[in-house]
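Residues or ranges marked as active site by TrEMBL: 158. Residues or ranges marked as active site, proton donor/acceptor by TrEMBL: 199. Under the heading active site, proton acceptor, TrEMBL lists 328. The Mg(2+) binding site feature in TrEMBL is assigned to 8, 38, 199, 201, 327, 328. Summarising the annotation, TrEMBL assigns domain 'GRF-type' to 556-604. Residues or ranges marked as site 'Transition state stabilizer' by TrEMBL: 201. Residues or ranges marked as site 'Important for catalytic activity' in TrEMBL: 270. Annotation source TrEMBL lists site 'Interaction with DNA substrate' at 328.
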């Protein structure tokens, strides 16, 4: 069996943090192929902790847009495998492609892998009327990863979410799905089986939206998606709806801003669409489709723990406790009777080969030209001189063997961490420990040699020690081996004999410091008392204001409870205050949900204010 999961994570790094590691997140989903959307990772954000996990191979696409929106969108496909090389597992793809226009990876993926070529020029797929700039603009937002698993080609999609009044983004979404449709049709014409999974940001029918308004299904993107389904003459099965045609209240996405999940006020916009013939090589594609013969189950993972708390979304007085997990619910499909593949290796576009993870290899020229080249004689002189410096520095007990390591490695050409290993602790353990061992062994072997200081390593006698920065300005350090003296002015005021104590400070300075500390403590106590009084007064005043506001707030008509104030964010009434029911949004048939109360706040005229 092969299990595929699609999940809009609403930021991959926060989800990894909640589960403790990427491996734990992936294991919790328990699938062979896991497709994430809205990872919100740029290429600069890619690191091993969010895209590399033992037992999984990753393929990612990040936003390349230059609109200054930062990291948004992004998709990633994780494949659970026992081996990345010489594998026969279906989960490990034989080829991959970033994007879906064929332009991002055409140059490196256009060679045949077995008998598969998934990256093809746009002109071959009937996209000649669309300019190359349009194609790149669609592909630069990191919304698609294609993986070819030989038995089927898998599209991991994050569709654009747009508002109807944003004409530019509406056109972008139209172009996005137009290109996708052409790509699907081209692959199906080649006899391939196509799986489309992900957050399409489209609820196809009224049954897929709680309290769908009149005319809901007439929106152009919903009409387009339905036209792609088998019941409307299209090539795809909607796997979930085909398995559960009459199920209501089955939603995958909830608006956090209105507390929609509390009363299951959501929509089903995360889909798994499949098309193509079965693997039995039968003549009748109608009775022997990939869906009819190989799909065992498709279900919404309502019980998947998306955060650390069982009570993920609770609306409290108009303020929602933010979801600890995503605002989407994963969806899975289970395939049966899928045979193994011929032996193949992980494709070169896997995350393990990305420079951001593997590191950029240095050339020999850059390695040799970087810093000074130390020969054995210079290194020996450096070690001998360092012994003398360390002996003189250890007089105050603040310097240790690491000072010698720091000086030894200061001018050396140490390889980059990215080239060596991504684990900093292991790098320190292996490399710096090696330097320490080498350093100590050379010290032992050269103990009979007379220690001659290097002229270049002379210590500046006027250089202060670390301890001198923590002493009082009235103290002077004469020598590392002599006691600390008090200035004449301090001795005149104290009229006490200066004798060093166990801490290395004179007794009279101890007394002076203690007296000054007591005065400072008294001053701080007074300041803290005043600050506490002010804080208490401010808290009481704020409580009084809140109580007064609560008394003056209007009550909603449905529940006779205080409303919550809101303000208009855009349009001719921008900034104007209004009041709405404080309860979470829910179905109109639920009396416990938001009653829909709306009331404008009164506006004082200029004449009244004057």
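Every residue gets a Cβ built from N, Cα and C, even glycine.
Curation plays no part in TrEMBL annotations; they are all automatic predictions.
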The domain 'GRF-type' (556-604) resolves under DSSP into 0 helix, 12 strand, 37 coil
One finds that other Cβ atoms within 10 Å of the Cβ of residue 201 (Mg(2+) binding site) number exactly 19
Just counting, how many other CB atoms are there within 10 A of the CB of the residue listed as 'active site'?
25
CB within-chain contacts under 8 A for residue 199 (active site, proton donor/acceptor), separation at least 6:
6, 8, 37, 38, 157, 158, 159, 253, 269, 270, 328
What other residues of the same chain, not counting 8, 38, 199, 201, 327, 328, have a CB atom within 8 A of the CB centroid of the Mg(2+) site?
10, 37, 158, 253, 269, 270, 326
Among all the protein chains here, how many other CB atoms are within 10 A of the CB of residue 270 (site 'Important for catalytic activity')?
24
For residue 327 (Mg(2+) binding site), write down the residues of its own chain that are at least 6 apart in sequence and whose Cβ falls under 8 Å from its Cβ; none is a fine answer.
8, 10, 253, 254, 255, 256, 261
For the domain 'GRF-type' (556-604), would you mind checking the mean pLDDT of the predicted model?
87
